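Database features (Swiss-Prot):
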{"type": "ACT_SITE", "residues": "THR10", "note": "active site"}
{"type": "BINDING", "residues": "ALA166, CYS169, SER172", "note": "Na(+) binding site"}
Amino acid sequence: MSDNLALHGTTILCLKKNEEIIIAADGQVSHGNTILKSTARKLRTIANNKIIAGFAGSTADGLALFEKLEVKIEQHKHNLLRSAVELAKDWRSDKYLRRLEAMMIVADRNHILILTGNGDVVEPENNVAAIGSGGLFALSAARALMSYENNLTAEEIALKSMNIAADLCVFSNHNIIMEKVV
């Protein structure tokens, strides 16, 4: 696929405030300068909502990674950190997986992790992580709101941050889906 027709962007945001963990995603799928779908679901729950994952990048690649992550989570008895590290190792070393163009945020009660195709497993500072074309907008908004708006819940911060990202990123929209880690 040529660069000008590549599948573009999304915004995935995950944050933890007062022991509440929320992952939010917009619903837009773009191809070049065309919106293909505005109601895509980019979040998946695993292990009876105890683990939630969101992806940015190629839809098919993101879904393939979800499947691989689910297998790892079952193999490692719902240990998210170990499962993420094992997936990242496979992603980096496997010829097929190495070609996948996606990033993931995964979270459980104890961890928020960013997984990349380079084999990175990053636990972000400040209990906030974001990926995708609108990720930096959402991350900045969430960090500011968490610092200065103590009366807002995690869900309210996520929604406000995602809406700011959608206002600024042409590859993200206001069709926000949120999931809560239980």
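Heads up, the Cβ atoms here are built off N, Cα and C, so glycines get one too.
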Query raised in the report: In the same chain, outside ALA166, CYS169, SER172, whose C-beta lies within 8 angstroms of the Cβ mean position for the Na(+) site?
Result: GLY9, THR11, ASP26, GLN28, SER133, GLY134, PHE137, MET162, ALA165, ASP167, LEU168, VAL170, PHE171, ASN173, HIS174
Query raised in the report: Rounded to a whole number, how many Å is the Cα of the residue listed as 'active site' away from the Cα of SER172 (Na(+) binding site)?
Result: 5
Requested in this report: State the three-class DSSP label for CYS169 (Na(+) binding site), counting H, G and I as helix, E and B as strand, and everything else as coil.
Outcome: coil
Query raised in the report: Within 10 Å of the Cβ of SER172 (Na(+) binding site), how many other Cβ atoms are there?
Result: 30
Report task. Tell me the Cβ neighbour count for ALA166 (Na(+) binding site), meaning other Cβ atoms within 10 Å of its Cβ, over all protein chains shown. Result -> 22
**Report entry** In the chain carrying CYS169 (Na(+) binding site), residues 6 or more apart in sequence that have Cβ under 8 angstroms from it
**Finding:** GLY9, THR11, SER133, GLY134, PHE137
Requested in this report: Please report the DSSP secondary structure of THR10 (active site), reduced to three states.
Outcome: coil
Report summary line: Around the Cβ of the residue listed as 'active site', other Cβ atoms found within 10 Å total 30
